Amino acid sequence: MLVVAEKEIAGLMTPEAAFEAIEAVFASMARRKAYNFPVVREAIGHEDALYGFKGGFDASALVLGLKAGGYWPNNQKHNLINHQSTVFLFDPDTGRVSAAVGGNLLTALRTAAASAVSIKYLAPKGAKVLGMIGAGHQSAFQMRAAANVHRFEKVIGWNPHPEMLSRLADTAAELGLPFEAVELDRLGAEADVIVSITSSFSPLLMNEHVKGPTHIAAMGTDTKGKQELDPALVARARIFTDEVAQSVSIGECQHAIAAGLIREDQVGELGAVVAGDDPGRGDAEVTIFDGTGVGLQDLAVAQAVVELAKHKGVAQEVEI
């Protein structure tokens, strides 16, 4: 078994490589060459933590495995980030474990890559202003990935804890973009593309906030009860997701479904847009990508890292 330590990931995986891997996975899913296993995601009743498993099998790339981990909101006292995970890959021919890969940075990179894929295919023409909702650990990755696929002129942002907005300001400066902190109503009115990446359990961006052609990448809702968007806003939009079954059960669409505002068959697959089987935005004023995060995304970036680690000689071989 090969082990690729968390400390090695930053020197191996780039945002560009993550984007390429995730875009390919979306297309494989649309062509039914790859599928995700049912998600296990539970509150464990200790440290307010959420823990679970996401896995899948990509028959076209012969990649099999799972990611184990979750969200520990009190990790700051341990000087650790809140998201903790490890990816395990298995030989699809024998079932033997083939690799264990640190999953923390990979999770941030693949989540950002997924929203960037949605921006590439669904952003309104002439989009100039990027709106960021949330300033946690993953927000910087999200902003960089968005800027990699679209030329924005300005970034505006909001966070429930304003003292954290310096992360967004610093990242925007790194990208050579001006940044302004704004309230949510102004963010919804001015941003052409909005990325939300929070752990909220109540709606933040309301229907009346959003004006004009807009694409929203809703990346924070991946558990029952979590919510970032007003269900009326979801109902107003043309909706795409990574996995429909997850979107309607643990994603942003769970609330609009429960309220009877949308049907499951109104939720499209982003992979179909990537594969050229769905026109995507069309004449919709608002599009939403409900990014629930799927195991296949984790496996794709982990497999890419393993190959890079072998090439650079930084993968450790162990017997178990």
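Placement of Cβ uses the backbone N, Cα and C atoms for every residue, glycine included.
Here is what Swiss-Prot records for this protein:
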- LYS67: active site, proton donor/acceptor (ACT_SITE)
- ARG110, HIS137, GLN138, ASN159, SER199, MET219, GLY220, THR221, ASP222, LYS226, GLY291: NAD(+) binding site (BINDING)
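Considering other CB atoms within 10 Å as the measure, the emptiest surroundings among the binding-site residues GLY220, GLY291 are those of GLY220. Burial estimate for the recorded positions (LYS67, ARG110): highest at ARG110, by number of other CB atoms within 10 Å.
Highest Cβ count within 10 Å among the binding-site residues SER199, ASP222: ASP222. Using a 10 Å Cβ-Cβ cutoff, GLN138 (NAD(+) binding site) registers 23 neighbours. LYS67 (active site, proton donor/acceptor) falls within a strand when secondary structure is assigned with DSSP. GLY291 (NAD(+) binding site) sits 17 Å from the residue listed as 'active site, proton donor/acceptor', counting Cα to Cα.
The binding-site residues shown are GLN138, SER199, GLY220, ASP222; of these, the one with its CA atom nearest the CA of the residue listed as 'active site, proton donor/acceptor' is ASP222. Secondary structure at ASP222 (NAD(+) binding site), taken from DSSP and collapsed to helix, strand or coil, is coil. The NAD(+) site in the record is lined by ARG110, HIS137, GLN138, ASN159, SER199, MET219, GLY220, THR221, ASP222, LYS226, GLY291, and its two most distant CA atoms lie 22 Å apart.
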